[in-house]
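First the structure, in the form of structure tokens, and then the observations on it.
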Amino acid sequence: MASTGPTNIQEKTTCPVCQELLTKALSLGCGHLVCQACLISNKNAVINPRGKSSCPVCGTRFSLENLQANKHLANVVERLGEVKLKPDIGTKRDLCVHHGEKLLLFCKEDKKVICWVCERSQEHRGHHTFLWEEAVRECQENLQKALTRLRKEQEKVETLEADIKEDRLSWKRQVQTERQRIQTGFNQLRRILDKEEQRELKRLREEEQMILDSLAGAEAELAQQSQLVEELISDLELRREWSDTELLQDMSGILKWSQIWTLKKPKAVSKKLSMVFQAPDLSGMLQKFRELSAVRAYWDNFTFNPENLNLNLILSEDHRQVTSVSIWPFKCCNNGILGSKCFSSGKHYWEVDVSEKNAWTLGVYTRKRTLRFDVRQRKGQPNGYHRYKPQNGYWVIGLQHGSKYSIFEDSSNCDPTVLNPFVATPLHRVGIFLDCEEGTVSFLNVTNHGSLIYKFSQCCFSQPAYPYFNPWDCPAPMTLCPLNS
């Protein structure tokens, strides 16, 4: 640990009595230092009969037996004496230019290295002087303190530089992430636009072919009629060359035929396209695509459950496709099949391909109570749709008769309330999103970029919820879509 401060050499090494370097310095009780000879010879330091004496400087009494020699100061004085007796010790650059003495002291006021003679001169009288080693040590300590402080400042600079570097890297990462997000968004838009373009062009080609086929049929029919009327005209012109007798005898037949013949106009073809292209809402399409991507993060990979499989249903080898076959002569109104997983908490999503089917039912089922269905066939509900109600544990939608989409909601009677939503794009691929905590079941039209078909709210899942499927009697397959397909 550094010392609190260097000692004033001038004050410590000078005898207050003789004003010379201390010789055999004695430390009095009052703190003054005097030469042993000065203490004995000084008339003010009279020794009384009790062995008491007084300080020649301040007069403070002290006991002779308490006198102590100051060995440290004696060593300092001895070194100063050696310098005085041996002025040639050391190199010339360590000698005082004025007195030729070795430079061993440092004057604090003048900031100069001086010799012991300079220290006693009028120029430096009253100044604070210190041993050269102590001044150097203090300077080294100050340098060390400054160095320590600057190193700490350097560490702060390095820390700030590292922070700036990290900020630069972080900013670059943020920019890169945003760049990728922008590129991904526009790539999604391009894919959506390309898909929409191909769909619109396909629809236009189909309409074009239908109109051209109609026009070709009308053209062929007109060609036949044109040929027939040309033959009639030619026949009538020939008959004009006949004799009067021949003309009168055969006139009735040809005239009758020519009079009853009339032109059959072909079926009129519309001169306008049935649908005029309108640019899609890109922001809306992208928003739907993002929402679809968000729910796809909860994709659950499962298969159809082969247990308790209806005899009219056949599963593929991987249990991801179910097909209805007419093995039994009677129709079964309960072709339902469950998924291989059940859910009691969390969020879950799956997709089903129904592109080839003209009848299907999809959704979520949970066991609530033993259902007692009316065994009598109900008029208007001969195929078992009456079971599909949330209060019976079914949250489902379906397709009937190839074009009629239905949503089965609760009602006050035995039959469900059937809603028929407008679906702009046929449902070839349907997404089902189950949120057990929120109590919702959502159906998405994946074919139309994930647009919402319907959402059941306030669903009560008192028992585990199962994915539910019913392919009905339609022989086309129903397929569980694999992840990222």
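Every residue, even glycine, has its Cβ placed from backbone N, Cα and C.
Per Swiss-Prot, the features are:
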BINDING   Cys96, His99, Cys118, His124  Zn(2+) binding site
COILED    136-170  coiled coil
DOMAIN    282-485  domain 'B30.2/SPRY'
ZN_FING   15-58  zinc finger
ZN_FING   91-127  zinc finger
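Its Cβ placed at the centre, Cys96 (Zn(2+) binding site) has 18 other Cβ atoms within 10 Å. Apart from Cys96, His99, Cys118, His124, the residues listed for Zn(2+), the same chain places the Cβ atoms of His98, Glu101, Ile114, Cys115, Trp116, Val117, Glu119, Ser121, Glu123 within 8 Å of the centroid of those Cβ atoms. A count of other CB atoms within 10 A of each Cβ picks out His124 as the most crowded of the binding-site residues His99, His124. Residue counts of the zinc finger (91-127) by helix, strand and coil are 11 helix, 8 strand, 18 coil (DSSP-based).
Cys118 (Zn(2+) binding site): 21 other CB atoms within 10 A of its CB, across all protein chains.
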